[in-house]
Amino acid sequence: MLKLVKMFSDGSCLGNPGSGGYGTILRYKLHEKILTSGFFLTTNNRMELMGVICGLESLKESCIVEITIDSQYVKQGITNWIATWEKKKWKTTKKKLIKNLDLWLRINAVIKNHHITWFWVKAHMGHLENERCDKIARQSAQSPSVKDFFYENNFYQNKNL
């Protein structure tokens, strides 16, 4: 029987682009784990994606995962856009590579290991875990320690895949 894990995640960016961070809470029964990291130069959307990715990648086995986020970009991307992007070789209707391709490739790979239900909550409306994740993400953004290599180097810019 698969374990039920509840995940709450949020991203933050000071400047957008600017320094950013994510805060992710994983909860299994009475156990809770907090994941966070701060990046020197990144975007809010990248931090929203990174929080979910790092949470899922930290799971050691396939699980049922309930993910609560406040990012429409991530929720719509996963539930509505990703299948089309994959079919079109990760290109937009204008034949350009999608933004944040490195992260969409990672999330696309890791979601296949789990049974996921996505929940969206409105930001800054008092949802306890979302507010905690927001605070953790902002704190990490204020003290970055990691380079967002793919963003800073425009890695997928002008590349033919």
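Every residue gets a Cβ built from N, Cα and C, even glycine.
Among the candidates Glu48, Glu57, Glu86, the residue that Swiss-Prot names alongside Asp10, Asp70 for the Mg(2+) 1 site is Glu48.
With helix defined as DSSP H, G or I and strand as E or B, the domain 'RNase H type-1' (1-142) counts 56 helix, 50 strand, 36 coil. Using a 10 Å Cβ-Cβ cutoff, Asp10 (Mg(2+) 2 binding site) registers 31 neighbours.
The Cβ of Glu48 (Mg(2+) 1 binding site) lies under 8 Å from the Cβ of Ser9, Asp10, Gly11, Tyr22, Ile69, Ser71, Tyr73, Val74, each of these being in the same chain and 6 or more residues away along the sequence. Ranking the binding-site residues Asp70, Asp134 by how many Cβ atoms sit within 10 Å of each one's Cβ puts Asp70 at the top.
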